[in-house]
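Lifted from TrEMBL, the feature list:
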| type | residues | note |
| --- | --- | --- |
| TRANSMEM | A:20-43 | transmembrane segment |
| DOMAIN | A:31-233 | domain 'Na+/H+ antiporter NhaC-like C-terminal' |
| TRANSMEM | A:55-75 | transmembrane segment |
| TRANSMEM | A:87-108 | transmembrane segment |
| TRANSMEM | A:129-153 | transmembrane segment |
| TRANSMEM | A:159-184 | transmembrane segment |
| TRANSMEM | A:216-235 | transmembrane segment |
| TRANSMEM | A:255-271 | transmembrane segment |
| TRANSMEM | A:276-296 | transmembrane segment |
| TRANSMEM | A:348-372 | transmembrane segment |
| TRANSMEM | A:384-407 | transmembrane segment |
| TRANSMEM | A:428-453 | transmembrane segment |
| TRANSMEM | A:473-494 | transmembrane segment |
Amino acid sequence: MSTTDDSTNQQRQKENDEDFIQFYGGKLISSVPLVIFVIWSIVQTAVFQVSDTNGLVVGSVFSLLIGMVFVKGPIVPYANAIFEGMAQRVVATAIIALMWALMFANILQSGNFVQGLVWTALNINVGGSLFPAVTFILTAVFGLAVGTSFGTAVTFTTLFYPAGILLGSNPLLLFGAILSGAILGDHLAPVSDTTIVSAVTQSADIGGVVASRFKYVLLAVIPTVLLYALAGMVLPGVSIAGDTSKILAQNSNPIGLVHLCSLGIVIYLAIKGRHILVTISTGILVATILNIGLGLAKISDLFLLTIPENVWSSGFSTIIPFVTVGSSTGISGAIYSGVTGAFSTSILLLLILAMTQIMSNGGVFELILNWIVENVKTVKSAELAIVGSSAVLNSFFVVHTSAEIILGPYISQLGKRFNVNGYRRANLLDTPLAGVAAFFPWAGPVLLGYGVMSGTLVQDYSWFTKEIVVNTAYIAPFVFYGWFVLIAIIASALTGFGREYTTDDLPEEVSRI
Amino acid sequence: MTESENEGIISRFVKMFHRSKYSGQWMFRDSKPKFKEDDILKIYTPELPDRNETVSARIGDTTIEIKDAPENIGGSLVEIRISHFNDEESHGEAELISFQE
């Protein structure tokens, strides 16, 4: 060992000591901020049924403040850990990708993409018994395009749920199909935040992760479709009266299918390994051109500046298409909503990263890792430990991206210990998430879908009584995709199906991200 | 553009059904992959090596001892050349070619 190496090691040791945070009660106490945050999330969303990301941001700030109380000695390492966690490249990548993906999703929605999908369902003569199976497929296609299970669940609950009920579908089965499609889209979409985070935290490129994920998705999709078709024939619908044809006609327009091009281009470029910003920006550009060129949306639908009437610049409203005069001033439109829709989640991600950095610098991950290393002796048990950790932690989280960011470094270390490669690690991390993402009443898509039913739908349709609103406590058995994909990944860990080592294929880089 | 960047979805999908050049396995991978002498591998060394004299890296449940490895090699991506491999014990020895921290 050379002198240079010795001094390097000494310097590294010194740096580690400076970063280390001591807590009253030992290393486990470093997890106090995160534990408090999880409790806050459960109480806010599950107990009080309040789905508000800003509330979670307040909860995370509160949790960080409480954590300070337990610091032993100087507070500086704790404060430094907050900044260190927030400054990680992984979160910057996730925030930018989330913002771009939301813009793309909103532009597609403004271009009647969902109406195009409805038109397709109507023209292949789908009845109430087959409607849940078809809904699952269409929801998955949309989810694949937009990459967000939250937005997909809201959109399809708004449009497909009342249509399916009118056609005679079983309410729980139909809502389960919507949730299944939403989480499938989120699971496989290259533009999904969970796909991106799972890839980035495992140092893998997104295209490779999506391609290697297909096999698990296929294993789950086939039985899911069959079971929805079968259950649709067995489970009864609810009796209601209403003008089915009118409602469906209002939400049916084949021209929206043109956005399959926008979707196809994004998927193609992502899988070809293009930079994620280039990929989604191209999708945004194509979707915008199609919207405006085919008259699906106006420029003002994408971006609109509403200014007061009595200002000197109000004259511009006659010559600039995205400026208008109105009493309620402000900015609106699909692009604006996409950008601002990412703000709260982005801040939340930064704060959660700060909490996990505190845990890291407080030594709790090392403690857990050492415990696992002592108990995990084989690659099979390591993979099962990864799947189990992901399923359990994601069960408690509303924002699953956050759970993945917390788990990412730990899974990376555990997987690398057995030289499980980045693609496989990303799938072991993200697939259990898809399994449990819609099982619980406090899960984001379930919460948002329920909100649409009990709010918008009850108000909008006279025939839509509160009895038709599903009890989300009973939804888990009907989220078939969740069950099948969970079984697929557990079976995969047990049998070695799809296992890849670094010697098989080492992901090239994250520089592409 | 690298080779992997050129890999399209079809080629990666088909690759799942390809036989591994090292293990001879198809898509169900053995937990104990096998190697042969002079194979050059890129692998990760353990973050917390339970080392005494040599670093032992694992590929699945196969163990490879890296001879004459520096102490700061833990957690690195290393390039090694297999110098000896015992199929029955799933254990091998290798020389270090290079590593990056």
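Using the three backbone atoms N, Cα and C, a Cβ is placed for every residue, glycine included.
Of the two recorded stretches, the transmembrane segment (A:216-235) does not lie close to the transmembrane segment (A:255-271), with fewer than three CB pairs under 8 Å once pairs fewer than 6 apart in sequence are set aside. A Cβ distance under 8 Å defines the sequence-distant neighbours of the transmembrane segment (A:255-271), meaning residues of its chain 6+ beyond its ends; these are 104, 107-108, 111-117, 119-120, 141, 144-145, 190-191, 206-207, 210-211, 278-280, 282-283, 286-287, 290, 294, 296. Here the transmembrane segment (A:20-43) touches the transmembrane segment (A:348-372). Their Cβ atoms form 3 or more pairs under 8 Å, with each pair 6 or more residues apart. Using a Cβ-Cβ cut-off under 8 Å and counting only residues 6 or more beyond its ends in the same chain, the transmembrane segment (A:55-75) has close neighbours at 21-25, 29-30, 32-34, 36-37, 40-41, 44, 82, 344, 347-348, 351-352, 354-355, 358, 398-399.
Panel annotation: around the transmembrane segment (A:473-494), residues 136, 172-173, 175-177, 179-181, 183-184, 187, 216-217, 219-221, 223-224, 227-228, 380, 383-384, 386-387, 391, 427-428, 431-432, 434-441, 446 of the same chain, lying at least six beyond its termini, place a Cβ under 8 Å from a Cβ of the stretch. Remote same-chain residues near the transmembrane segment (A:159-184) are listed as 114, 118, 126-129, 131-133, 135-144, 149-150, 152-153, 217, 220-221, 224, 228, 231-232, 235-238, 240, 242, 244, 247-248, 251, 434, 437-438, 445-446, 449, 452-453, 457, 461, 464, 468, 470, 474-475, 477-482, 485 (criterion: CB distance under 8 Å, separation of at least six residues from the stretch ends).
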